[in-house]
Amino acid sequence: MPSARLLVLFGSQTGTAQDVSERLGREARRRQLSCRVEALDSYPVVNLINEPVVIFVCATAGQGDPPDNMKSFWRFIFRRSLPSTALRQMDFAVLGLGDSSYAKFNFVAKKLHRRLLQLGGSALLPVCLGDDQHELGPDAAIDPWLQDLWEKVLGPHPVPLNLDLMWPWGGTHPWPSKFTLQFLKDTPTSGPEELCVAGTDPQGPPSELQPFLAPMVSNQRVTGPSHFQDVRLIEFDISGSGMSFVAGDVVLIQPENTASHVQQFCQVLGLDPEQHFTLQPREPGVTCPARLPQPCSMRRLVSQYLDIASVPRRSFFELLACLSPHELEREKLREFSSARGQEELCEYCTRPRRTAWRWVLCDFPHTAAAIPPDYLLDLLPLIRPRAFSIASSLRAHPSRLQILVAVVQYRTRLREPRRGLCSSWLASLDPVQGPVRVPLWVRSGGLTFPKTPDVPVIMVGPGTGVAPFRAVIQERVAQGETGNVLFFGCRRRDQDFYWEAEWEQLQARGCLTLVTAFSREQEQKLYVQHRLRALGPLVWELLDGRGAHFYLAGNAKYMPADVCDTLLSIFREEGGLSGPDATAYLAQLQRTRRFQTETWA
């Protein structure tokens with residue numbers, strides 16, 4: 001008989017690791033295993049010594065960082081005081097989720113796997129390395145790994161699958177929803193449906209549970225009218241918020257779905273937007289979404305909490321298949337949620353970025369009409385906050401916070417262009433037409449800058465990657481520090497040269513060395529790495545002679561690798577280092593945090 005104690009712990013930044021963990025829980029219960037699924041920082045980590053089998057599902061965030069909801073666990077598990085036999089009773093497996101376009105691909109999962117071995121744990125399997133870049137996504141690695149996992153966990157005595165938990169129309173009922181929605185007969189005369197404004201709370205500064213409703217001061221397009229992309233400089237008034245930040249920090253913004261999308265979603269599912277309800281968890285230990293008011297209207301739930309604009313994951317189709325009363329639709333949904341159907345699901349949903357409400361539910365109308373409201377929070381993820389580099393310094397702009405936002409819009413083979421939820425929502429807000437408030441809060445970022453006076457900094461920030469460097473330049477100039485070298489790249493000077501006048505004024509004052517690369521203004525494209533190489537002697541002198549720090553921010557696709565290759569060539573040609581010594585020199589800069597990056601896919 002299989003062990004009755006299986007624990008799945010996850011560290012998730014965007015929700016994918018949590019989704020995979022919940023899938024693990026369902027598959028465990030189908031195999032008659034008792035399984036708990038918890039976020040790593042919600043679990044009392046000292047209890048690990050009593051757990052016989054633990055599956056860790058970990059995403060890698062940023063540049064090899066653990067997700068926010070496992071940082072406390074991360075600090076604890078790497079304490080040097082932990083004995084090498086601490087976890088000798090524990091069998092474990094680690095499933096990683098990452099993106100191979102980043103240098104530290106699945107760094108968290110690999111490092112955790114090694115650490116658990118050091119503490120005496122026994123690995124059931126090699127670490128699984130899920131890759132967003134694979135044609136079929138992370139499931140290409142996860143599916144075969146899970147087959148091996150269940151063979152290891154169940155050992156020589158596998159149990160029959162409980163198919164009723166998967167395909168209830170061939171059996172009894174779908175697995176229970178996490179919550180029940182208890183609809184109210186009467187609309188509350190005054191409901192607590194306004195977000196709390198932080199800043200007067202003595203418990204601390206604004207946070208995800210209590211964001212600050214910041215007045216939007218301005219929302220200005222800063223790209224030319226003929227430029228292919230709409231980029232906005234947005235300013236907020238944070239007076240009285242209790243927020244403080246330094247260069248390199250980020251602001252998190254909680255977006256909303258558009259009113260038209262909310263209305264159409266409710267029509268497809270037959271929901272009354274004005275209906276109010278209270279939410280009740282089905283099982284002890286399960287908590288309701290922290291920011292959701294009680295009672296709540298369906299309009300509020302759909303507009304501010306459910307991510308109806310997301311591209312649905314495999315679990316979405318699995319649950320829809322369980323709920324579908326229509327034979328043909330049910331068979332197609334089953335196929336999409338099976339291992340053999342992943343290529344077809346990728347072609348149908350992932351590649352064209354087909355969203356849940358606009359396309360999928362409309363393609364399965366009989367199923368959509370039969371979805372019980374209780375299952376809304378099982379089907380759809382919650383809207384997650386979006387992080388933006390802060391592009392201003394409180395020294396230069398007291399009580400203000402500025403961000404640079406590229407409005408995401410691109411075409412797939414679907415007839416409507418795909419739009420980013422948060423950037424499109426922010427672009428639609430116009431403080432000139434009336435007061436606008438945006439829920440936000442601040443957290444520490446991945447970039448830290450030298451506190452020692454007179455240490456030069458070299459910054460490479462093409463496009464919107466320049467945003468965090470504007471904050472640090474403003475901060476350093478206010479402190480009288482002049483060793484600021486900025487490499488900025490864009491397409492054309494007259495279309496997307498952000499803060500041109502500001503940079504040129506600082507350069508005229510001797511506070512900044514500005515190096516530009518306008519890629520489309522000559523026959524052969526010119527990028528920041530070309531300008532970096534042309535100034536190789538200066539770069540080498542600053543790094544090796546004056547102890548400069550080097551920073552890189554921007555798109556992760558090609559630019560970071562190209563810049564690193566350029567640095568290696570500078571180390572060889574200007575510093576006289578051999579190939580291996582140049583590589584070691586760059587690695588030393590990274591280890592000592594004199595080389596830092598902030599990139600995004």
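Just so it is clear, glycine is given a Cβ too, placed from its N, Cα and C backbone atoms.
Nobody curates TrEMBL annotations by hand; they come from automatic prediction.
Listed in TrEMBL:
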- 6-150: domain 'Flavodoxin-like' (DOMAIN)
- 12-17, 59-62, 97-106, ASP132: FMN binding site (BINDING)
- 209-450: domain 'FAD-binding FR-type' (DOMAIN)
- ARG353, ARG386, ALA387, PHE388, SER389, GLY420, LEU421, CYS422, SER423, TRP600: FAD binding site (BINDING)
- THR464, SER519, ARG520, LYS525, LEU526, TYR527, VAL528, GLN529, ASP562: NADP(+) binding site (BINDING)
Integer mean pLDDT for the domain 'Flavodoxin-like' (6-150): 91
By Cα-Cα distance, the member of binding-site residues ARG520, LEU526, ASP562 nearest SER12 (FMN binding site): ASP562
Minimum Cα separation from TYR102 (FMN binding site), reported as the residue among binding-site residues LEU421, ARG520, VAL528 that achieves it: VAL528
Other CB atoms, at most 10 A from the CB of ASP562 (NADP(+) binding site): 15
Fewest-neighbour residue among binding-site residues, criterion Cβ within 10 Å, set SER12, SER389: SER12
Rounded Cα-Cα span from ARG353 (FAD binding site) to ALA59 (FMN binding site), Å: 21
Nearest recorded site to LEU526 (NADP(+) binding site) by CA-CA distance, among binding-site residues PHE105, SER389, LEU421, SER423: SER389
Cα distance (Å, whole number) from ARG520 (NADP(+) binding site) to GLY15 (FMN binding site): 38
Of the binding-site residues listed as ASP99, PHE105, ARG520, ASP562, the one whose CA lies nearest the CA of SER423 (FAD binding site): ASP99
Candidate binding-site residues ASP99, PHE105, THR464, ARG520, ASP562, pick with smallest Cα gap to ARG353 (FAD binding site): ASP99
Nearest-integer angstrom distance between the alpha carbons (Cα) of ARG520 (NADP(+) binding site) and PHE105 (FMN binding site): 32
Residue among the binding-site residues ALA59, LEU526, VAL528 whose Cβ has the most other Cβ atoms within 10 Å: ALA59
Binding-site residues: ALA387, LEU421 - member with fewest neighbouring CB atoms within 10 Å: ALA387
Nonlocal residues around PHE105 (FMN binding site), in sequence order (Cβ under 8 Å, 6 or more apart): THR60, GLY98, ASP99, LEU129, ASP131
Which of SER423, THR464, the listed binding-site residues, has fewest other Cβ atoms within 10 Å: SER423
